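S.K.: Please read through the structure below; I'll follow up with questions.
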């Protein structure tokens, strides 16, 4: 497109079928015909020829104006950026003033001084758009000046001129190129506008703007006249803008990050026989059976992130879901609520909340269950509250929508709840915005909101991880108090065994998307049955002395899609034998573990 | 909030001063002698001096500026060189047409931009998104006056749904006023709609990935409510910013679009003033336009504070 434009501009004389200025009043205002492909204008001039000659202006005009804008803007911007102080202040105030006047008006005033005509109009636009380049150059200088490597260059002894040349000119190039394309597009539009109102290119010279000017006057007689020059402008500006987009993308992205994980090694987890189903128990608040979650990364095959996940939580009980990052804890928590995002799908299993399978509900019933029956507290309280509404509003909203409370009642109950989670001056704090609260306070609010409808199950996803250590303990105490009062079951997701030990009744240890061991807290710490659990326990920092360096489990967690078909921990396990290459089931009655050698191993308890 | 408004109003004063110095000194650079333009070639020496004195052009530059500034502060922007019209009256008489157009286009671009942006941002990559993004790209490349010509030839000339030219003041007939500004405002609002749609789309895509959206869903609020209440307010923040930038674009664009629809607004006043080199008129127009821009930007600042509590002064 742009090449065609350049070609037309360069070889206008040879390409055009007619002289663009040759008049033929008898054949004026004709539609497209064989002789005149795009018809003729009010003076019988060939529209196509004028269009092609107009392309010359469309090349010259932006080149002139943009060139001038760069020549004026960049040096001044560099100068004031470097000089700073008084110079900077004055110039920036002038720039602000220019920018606050509508651009066309600035151009009109400058044209008033210089007179009409293409080159003068472009001079005016050049001055106008130089402000953009000035700001850009200035900001580049200011950022670069602060950059560490400029400082270090100064220490090494390079003179200030060399710093300016080397560092700043290198960094200014990418944004400058993008700004040039933006300006070219803007100048094209502005030139057309100025020529259209008769103070840019002067007739009879052909420019797309002047052509539209005459087209507008003969709108009733020949509406077609406006089409060719308009399309020419739109197509050209579009091409320039798209070029700018492409440049911005390619420059902005910089060095492409190589994609992790070679697809060739990717291997799907072999479907394995699920562990025998658990018998329902009347005391169960939640029973998860054989949950399987798959993720499809962009453009790649679907891989499992959670497999054969089964556990139960009794009423009023707290189950800790513990594992390293990437083990699938968080996605499990979200999966229970049906809150998984696009590209993630639950392919198997049941989530029985009392007698309802949450996964079997339709959208509306699921929305109804969320909040009322099951609620969630997230890791980072400062991002899980909406920044644009007061915290009181966000709790009251839930009470109104989910419980049908009136505004008045919702407000009263909100203040009660805020008081209950231990926030002083609750009525006043209800009117605070999230950013006005500390992380601990914000998490208390999030807890108050989650509990506002007294759910049967509360899922807490690393609720203390983002908080200060001192605040962590307070929030854990709060959870315990609230559980005594509200009697809900809790699924407490954490990577921190110490936190889990503090708050949970039982712990489920996760590794590579599956549970490897489930046991009551004391039993798990005193007598770990799975080597991975033992590894985690020995890696726990403990108070007495730091004498032996923390033991580390060797190797690293394989990414989803790279899990072995047998025991997923085998490659890192000091006790692995040949039998571990086969898939392993959960075994046991009171406590469960997924290890072939569970019965013969005696593993070291927590210290 | 009142303090913020007060501060912003005060901050406008130096900017207005700089604009006034600039326009005044620029207009002093005009190549032709306005006196010559007024009395023509055949004027005598005495006539020349008389006019020169009447216009105050025999005074030194600074005196003229100070004199003009003092009177401008009392609301007197001087008299046109060519007819004894008060600049202020002329500008104020033309202002309603230009402002109707501008604010009409603001309304249109908010409505269109928001609707298209939200629809696109809800499902990135869907056909709705691709259509809207494509439309926005085209919309930003179409010159407003050309779109005006096309609208006029289709809806005014061919279909006769709207008048092709002219402006009816609101006080004369609200219905006719609306009809007279519909097409021009549409033409003017196109590129701003596109700009807003792009901003809202990317803001929406970003906001929907935020934790608080997931948390609101976890609380069992309906998707509709989550989008319209929780996401939209956050996605509105960039809209306000775009509007504050676009107001100069729209006002400037109005000057050109007015020409398509033969609306006697500031545009034709400015073009005539430039052709005649009518210095007081040019100065007055620029000053009042800048004042309008600043007031609108003040309004968007206040709006910004209402939408985004973090931006409020504490």
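Even glycines carry a Cβ here, placed using N, Cα and C.
Quick paste from TrEMBL:
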type     : residues  : note
DOMAIN   : B:95-300  : domain 'ABC transmembrane type-1'
TRANSMEM : B:9-30    : transmembrane segment
TRANSMEM : B:101-122 : transmembrane segment
TRANSMEM : B:134-157 : transmembrane segment
TRANSMEM : B:177-197 : transmembrane segment
TRANSMEM : B:235-261 : transmembrane segment
TRANSMEM : B:281-307 : transmembrane segment
S.K.: In the same chain, who gets a Cβ under 8 Å from the transmembrane segment (B:134-157) while lying at least 6 residues past its ends?
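M.R.: For the transmembrane segment (B:134-157), the nonlocal Cβ contacts are 116, 163-164, 183-184, 186-188, 190-191, 193-195, 197-198, 201, 253, 256-257, 259-261.
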S.K.: With pairs fewer than 6 apart in sequence excluded, do the transmembrane segment (B:235-261) and the transmembrane segment (B:101-122) have three or more C-beta pairs that lie under 8 Å?
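M.R.: Contact criterion met.
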S.K.: Mind checking which residues reach the transmembrane segment (B:235-261)? Cβ under 8 Å, same chain, six or more beyond either end.
M.R.: 97-98, 101-102, 105-106, 109-110, 113-114, 117-118, 121, 144-145, 148-149, 152, 164-167, 180, 183-184, 187-189, 191-192, 195-196, 199-200, 202-204, 207, 267-268, 270-271, 289, 292-293, 296-297, 300-301, 303-304, 307-308
S.K.: May I ask for the residues of the chain that lie six or more residues beyond the transmembrane segment (B:177-197) and have a Cβ under 8 Å from a Cβ within it?
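M.R.: Same-chain contacts beyond the ends: 100-102, 104-110, 112-114, 116-117, 120, 132, 135-140, 142, 144-145, 147-148, 151-152, 155-156, 162-163, 166-170, 239, 242-243, 246, 249-250, 253-254, 257-258, 260-261, 263.
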